[in-house]
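Novice: Attaching a single structure in C-alpha cells format; questions to follow.
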Amino acid sequence: MAVKTYQAGVKEYRQTYWMPEYTPLDTDLLACFKITPQAGVDREEAAAAVAAESSTGTWTTVWTDLLTDMDYYKGRAYRIEDVPGDDTCFYAFIAYPIDLFEEGSVVNVFTSLVGNVFGFKAIRALRLEDIRFPIAYVKTCNGPPNGIQVERDVINKYGRPLLGCTIKPKLGLSGKNYGRAVYECLRGGLDFTKDDENINSQPFMRWKQRFDFVQEATLKAEQETGERKGHYLNVTAPTPDEMFKRAEYAKEIGAPIIMHDYITGGFCANTGLAQWCRDNGMLLHIHRAMHAVLDRNPHHGIHFRVLTKILRLSGGDHLHTGTVVGKLEGDRASTLGWIDLLRESYVPEDRSRGIFFDQDWGSMPGAFAVASGGIHVWHMPALVTIFGDDSVLQFGGGTLGHPWGNAAGAAANRVALEACVQARNEGRQVEKEGREILTAAAQHSPELKIAMETWKEIKFEFDTVDKLDVTNK
C-alpha cells in the first residue's frame, strides 16, 4: 500500500465517497435512499454525503484516517436514479462493506443507516427505501423463533389462513370481562384472540390478572371445540427485565404464544425476546405500533419494506402488514411486496412492487403476514386472494361488533373464510365472485347473514398517501 500523508482541511464528500465505477460485492450491504437535497447541493455531493455520514466520514479530514484502511471501510455511493414523477428528489444507491456492522445486530445496522445522517443539514429530506442484506449477514441473524411450518404443526391447522380477533374495547375492561370476550370469540370459531398493542399492565387490568383469565378462557374453548387455540399475551413492558418476567409467566401457565410491540419496545428487546421464544418453544406475535411515524411520509423516514426485513432478521412469527382493503394505509402492490419479503426464501428485484434489490433469505424461515384493521366479512374474498394461506386474518370490530354477540361474530367469520377457501380450491375467482360465494354460504349461517347485512355499506375508500413511485410515471 502506498504511503499516505495527512492533509488537514475540508473537502467535498464526492472526492472520497462518490464512486460510479464501483461494482458492489456479494458481501456488501446495499441501501437505496430517496434524497431531497437542499438548494445548491448537487446530486453527487448529496449522495456522497449520505454515504460518508452513514459510514466512516465526518465533516473534516482527520489524521486517524491514516491508521486504518479507509478505502475498504467507507460506504460508496455508486448509482443515482431519477424518482418517477418527482424532480425534487432522487434515488441514491450506496454499498457498505459487511464488516461495518456487528453480526446479528439490526440495532447496529439502523444506528448507522438511519442515525445522525437523517439530521444532516445539507439534506432537506431523506428516506431509506430498501436494503439488500447479503446472505453472509442474514446467516448471522436468528430470524423468526419458529416460522410458518413449525407454527402450523404446533396448532395443527393447515390449508387455510388463520383467524384472529383483537379484543375490544382495547382499553378499560376488567380481567374477568376480558377473559369472557376471549372465550366467546375462541368458542365461536376463531383460532386466536389478541391483546391490543397498548394493553400492557394498567390500573384497570394488571398483566397477571389478564394472563390468568385469558388462559382459563383459552383452555375452556379448546376443551369445548377440540381445536388448539391461543391468545397473544402482550409482554411489552417498561423494562427488558419486566418483559422477560411476563414472558416466563406466560410459559408457566401454558400459553402457546406471546406478543411484542417491536418498534416501541425496541429492536434490542425484540431480538432478545425472539431468542427467548426460540429457546422456550413459544410463538411470537409482532405488532408494528409506531410504524406510520417512520414510514408514511413518502420523502422522509424508513419504508415499511425495510421495517419488514428488519423484523424478519430480529425475529417474530407474525407481523402486522396492513390489509389493502381495511382502514389502514397500504396499497396493493406495495403490500404484496413486503408480504413476500416476510414469507419467501428468495425475492427478486421488482420495481413494480417497490422492491429495489434481490433478497436471499437462505434457509431462514418466514413469518405469517397479519391482516388487521377495519376488516369485516365482506372483505374476506379479497383478503383470501391477497394474503393466501400463510396469513392471519384478524377481525376485531368485525367480530365483537356483531349484533348477536362475540361468538356469533366469530362464527360468521369462520363460515365466510371456509366458504372462500373452498371456492378457491374449486378453481373459482374468489375476489371477483365474492358476493355470490358469501351469499350462498349465508343461506346456511344466520350469523354470517346478519354480519353481511350489518356491514354491507362500510368501506374505507381513501387515497394512499405513500404511493409507489412507479405509479407516478
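A Cβ is built for glycine as well, from the same backbone N, Cα and C atoms used for every other residue.
Worth saying up front: this structure is predicted, and the values here are computed from it rather than measured.
Found this in Swiss-Prot, in case it helps:
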| type | residues | note |
| --- | --- | --- |
| BINDING | Asn116, Thr166, Lys170, Arg288, His320, Ser372 | substrate binding site |
| ACT_SITE | Lys168 | active site, proton acceptor |
| BINDING | Lys194, Asp196, Glu197 | Mg(2+) binding site |
| MOD_RES | Lys194 | N6-carboxylysine |
| ACT_SITE | His287 | active site, proton acceptor |
| SITE | Lys327 | site 'Transition state stabilizer' |
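Burial and contacts for the listed features, if you can.
Specialist: Following the DSSP three-state reduction, the secondary structure of Ser372 (substrate binding site) is strand.
Of all Cβ atoms in the protein chains displayed, 16 besides its own lie within 10 Å of the Cβ of Lys168 (active site, proton acceptor).
The local packing around Lys194 (Mg(2+) binding site), expressed as other Cβ atoms within 10 Å of its Cβ over all shown chains, amounts to 28.
Under the DSSP three-state reduction, Lys194 (Mg(2+) binding site) is assigned to strand.
Counting only residues at least six positions away in the same chain, the Cβ atoms of Glu197, Asn234, Met259, His260, Asp261, Tyr262, His320 sit under 8 Å from the Cβ of His287 (active site, proton acceptor).
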Novice: Could you tell me the C-alpha distance between Asn116 (substrate binding site) and Asp196 (Mg(2+) binding site) in angstrom, no decimals?
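Specialist: Cα-Cα distance, Asn116 (substrate binding site) to Asp196 (Mg(2+) binding site): 33 Å.
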Novice: Count the other Cβ atoms sitting within 10 Å of the Cβ of Asp196 (Mg(2+) binding site), across every protein chain shown.
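Specialist: Result for Asp196 (Mg(2+) binding site): 18 other Cβ atoms within 10 Å.
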Novice: Between Ser372 (substrate binding site) and Asp196 (Mg(2+) binding site), what is the CA-CA distance rounded to a whole number of Å?
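Specialist: Ser372 (substrate binding site) to Asp196 (Mg(2+) binding site), Cα-Cα distance: 11 Å.
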Novice: Cα of Asp196 (Mg(2+) binding site) to Cα of Lys170 (substrate binding site): how many Å, rounded?
Specialist: 6
Novice: What does DSSP say about Arg288 (substrate binding site): helix, strand or coil?
Specialist: coil
Novice: DSSP on Thr166 (substrate binding site), three-state: which is it?
Specialist: strand
Novice: I'd like to know which of these binding-site residues, Asn116, Thr166, Ser372, is least surrounded, judged by other CB atoms within 10 A.
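Specialist: Each of the binding-site residues Asn116, Thr166, Ser372 was scored by Cβ atoms within 10 Å; lowest is Asn116.
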Novice: I want to check the contact list for Lys170 (substrate binding site): same chain, sequence separation of six or more, C-beta distance under 8 angstroms. What comes out?
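Specialist: Asp196, Asn198, Ile199 - these are the non-local Cβ neighbours of Lys170 (substrate binding site), listed in sequence order.
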